[in-house]
Each structure stands twice: as structure tokens, then as C-alpha cells.
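Here the structure is laid out as C-alpha cells; the discussion comes afterwards.
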């Protein structure tokens, strides 16, 4: 018996001692944290990252909405990405925090189903949005004369609608199928949220055929956009190196590399989770990998896609200057 089994058994016994009568239909989440000062410190770190991610995404959304200079296709797609990230990180971290603070690991069947659906829908939407954003940069740099036509408001709205619809439909199909399966083993989910691979380990019938469906979905929704991103940025770099000076080339390489690092972090970790066979899974490793696409990427996206942009940083400075002036005026009015 390994340490993961011991922890799971302890949580199971603890839940039974609390007299939870709904244990037969509810699930129990092992969680990311156990109890102790090290895990309490880790909880504080995660809570801080969550707060920073919320603040960064909310600020970027409002900044794009309020500043008319940022009402362009690129920033429209970026605002949609921030909305997705805002909802994405809020799907898992608050429940994880409540479970840790209240020492209650229970999640109701319906709550688990809703969390699975929302998480899958937002993950699929983000994967497609990142692909569309790379296409926007490709058109802007490689086909600037055709940019107004290829990235019109109508096309941008169609891209966003396609991303949301595809992510939602994919999530609905998988959630509907998984939660009609017989969970005839322990209701203990060795994860910090309800995720399809973790749920499949509780199913008593053979799920190998369905796992091929998960693999196919992962290749379509995750791998294809990632390949499109790689191709787009490769073409962008080729064009930049043919046309720009050394300074422009260095800036393009720096920008593209930062975008690629964040995108690669998201796609690599999600592909690692959703395209591996069940026999190669490790609950502890799966939880560690999940932290990257549930917490780290929503934290990094607003900063990576905006801090290197002069228009966004300029808008932030103007907004802060306006806020400081207003605060000074309000302070002086008291006297």
C-alpha cells in the first residue's frame, strides 16, 4: 500500500465518522492539500496566485472595455481569453479552498457533474481561442493589407462563438456520458476537482473504448490548435526576419517566444492528461500537472499577452494617473 492509498483511506474513514448520510451518492475529493504547516503554506501560495490571477484578468477586461483605442480584433479576443481564464480558475480553486478550510471533502453528485462540464467547456474554449489569437497575429503581420477584411468584427464574433459552442458541445457530450456510467467502486476521487480521467478510475466497467473518444477529442481540440499556433508563429518569424531590422527581429522573437511558452505550457499539460492511457496514470502526478493548466496559465496569460504591449501598458499608466488625480482631488476636498 503506497502513501496515496493511506491518505485516501484516512479521508474515507474521516468522512464516515462525520456521519455524512449522503456519502453513498456524493463524491469525496482527496484534494491537493493535506493537513500540516507545509500544506498550509502551499495553500497560502495557491490562494495568493488565485487572487493575482483574478485581479489581472478583471483589470485587463475592464481596461479593454473602457479604452476605445483597444477596441480592435486582437484585444477583443484577448478580453474573451481573460473572461475564460477568470471563470476557469474560479471553477476549481474556490471549492478546493473551502474543502481545505472546512476540512470537508464532500462534493455532491450534481455539483461534481456541473464542475466537470464547466471545466471541460472552458478548457476547450480556451484551447480554440489561443489558436484564433495566433491566427490574428499571423494575418496582422503577414497579410496587413487584408487584415480589415480577414479580421472584421463579424469574423471575430464568429470565431468567439465557434470557440464557445465547440467547447460547450464537447463538454456536454463527455459529461453526459461519464455521469451515466456505473460508479460501483469507492466514491473517493484522488484529485482536487472533478476531472474526467480521475472519475473514470471509479467506474467498474471497461472504459477503454471511451478512452479512445477522449483521445480523439483531445487531438482535435488541443493538438490541432497547438499545431496551428506553431505554424502561425513560424510564418510570422520568417516574415519578420525578412523585413525587419535587428531590433525588430529581437522584439518579434521575444514576443513570440513568450506567447509560445505560455501556450505550450497549457497545451502540453492538458495533452499529457487527456491523451494518456489509463494504465500510465498516477494520481499524484496528475494533480501536480493539473495545477499548471488550472492555476498557472490563467495567472500568466493576462501578463504575458499585455505587459509586452505598449498600448496596454500606456492605457494602464493613463488609468493609474487618472485614479491618482481623482484620489488627490477627493483628499483635498475634505479640507
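Backbone N, Cα and C define each Cβ position, glycine as well.
Swiss-Prot assigns residue 98 and residue 280 to topological domains of the same name, so the membrane does not separate them in that record.
From the options 41-64, 185-208, the stretch Swiss-Prot describes as transmembrane segment is 41-64. Using a cut-off of 8 Å between Cβ atoms, the transmembrane segment (155-173) and the transmembrane segment (73-94) share at least three residue pairs, counting only pairs 6 or more apart in sequence. For residue 112 (disulfide bond), the Cβ neighbour count at a 10 Å cut-off comes to 24, with all displayed protein chains included. For the topological domain 'Extracellular' (275-287), the DSSP-based tally of helix, strand and coil residues reads 8 helix, 0 strand, 5 coil. In terms of DSSP secondary structure, the topological domain 'Extracellular' (174-210) contains 13 helix, 2 strand, 22 coil.
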